[in-house]
Amino acid sequence: MLTQSSSAVLRRWGNPKCSSSPWDSAAFFGIVSIFFVLRWVLHFKEGLGWDGGLAEFNWHPVLVVIGFIFLQGTAIVVYRLPWTWRCSKLTMKFIHAGLNLLAFALVVVSMVAVFDFHNTAKIPNMYSLHSWLGLAAVILYCLQLVLGIVMFLVPVTPVYWRAAFMPLHVYSGLFIFSSTIAVALMGITEKLIFGLSNPKYKDSPPEAIFVNILGLILVVFGALILLIATRPSWKRPSEQLSHILHTSGGGEDNIRVGPALSQLSEGTDDGEIRRRSNRLDDQDKLPND
């Protein structure tokens with residue numbers, strides 16, 4: 001028999017408008033940020049190319065925004081999107097890992113573009129704080145990806161290892177994502193200071209204003225992702241509820257789960273629902289992301 005919190009999860013899933021607006025907003029700002037960075041390099045800068053020049057360097061901000069920010073942010077919250085609760089946890093693990101692998105591949109190409117441009121132009125590598133923190137974020141992301149695959153996708157990994165590692169996995173994922181946005185803001189500011197000469201960055205030319213807006217959009221996107229990732233009511237339900245959601249056809253009218261569903265107390269407050277939901281989640285053998 002399902003608890004009142006279980007019924008609340010089913011009720012919320014049956015009404016996507018109650019749950020999807022933060023993700024809709026995050027997706028909007030993420031896509032707009034990609035449009036802005038492409039507009040920046042194609043209209044204000046030298047375009048895109050692979051010749052060792054500035055056009056090759058321009059791949060760096062484009063791929064960082066697409067991969068290291070948008071795809072990584074999407075991978076972080078993909079477990080928590082209500083329409084993914086129909087899928088099994090294993091399927092979502094592969095989707096989560098696939099998005100992160102694609103993001104990492106794009107980041108590696110962006111790093112190659114920077115080093116290739118610097119070497120061709122005889123510019124020293126790794127001299128700025130942006131480059132130090134950027135490389136550190138890439139290394140941490142690689143470690144996070146490898147450990148995540150070993151812990152959660154290798155079948156022989158003990159369950160108690162996964163349970164013990166999960167809090168660190170969640171924390172480090174949010175830390176790396178937040179750090180990535182901070183480093184990106186440092187990078188685009190650095191590029192404007194070095195790249196604008198007449199007029200200078202301090203004179204607020206159109207390119208400077210445009211890229212400053214890009215930075216604001218990245219901050220808003222990051223804030224929305226963190227909101228979704230840390231909101232208790234968005235946590236993926238237990239496997240019992242996921243199975244019910246998968247077989248229910250998506251509507252509460254089609255769910256037949258016994259009398260508990262119809263006995264939802266209207267007076268139960270959100271805190272009590274969350275506490276009961278957390279107790280139900282703790283019954284699972286494997287923790288949820």
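Including glycine, each Cβ sits where the backbone N, Cα and C put it.
Listed in TrEMBL:
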- 21-42: transmembrane segment (TRANSMEM)
- 25-230: domain 'Cytochrome b561' (DOMAIN)
- 62-82: transmembrane segment (TRANSMEM)
- 94-115: transmembrane segment (TRANSMEM)
- 135-156: transmembrane segment (TRANSMEM)
- 168-188: transmembrane segment (TRANSMEM)
- 208-229: transmembrane segment (TRANSMEM)
- 252-289: region 'Disordered' (REGION)
- 271-289: compositional bias 'Basic and acidic residues' (COMPBIAS)
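Confidence for the domain 'Cytochrome b561' (25-230), expressed as mean pLDDT, is 95. Listed as Cβ neighbours of the transmembrane segment (21-42) (distance under 8 Å, sequence separation of 6 or more from its ends, same chain) are residues 48, 58, 61-62, 65-66, 69-70, 73-74, 77, 81, 207, 210-211, 213-214, 217-218, 220-221, 224-225, 227-228, 231. Among residues of the same chain six or more beyond the transmembrane segment (208-229), those with a C-beta under 8 A of the stretch's C-beta atoms are 22-23, 25-26, 29-30, 32-33, 36-37, 39-40, 44, 65, 69-70, 73, 76-77, 80, 174, 177-178, 181, 184-185, 188-189, 191-192, 196, 201.
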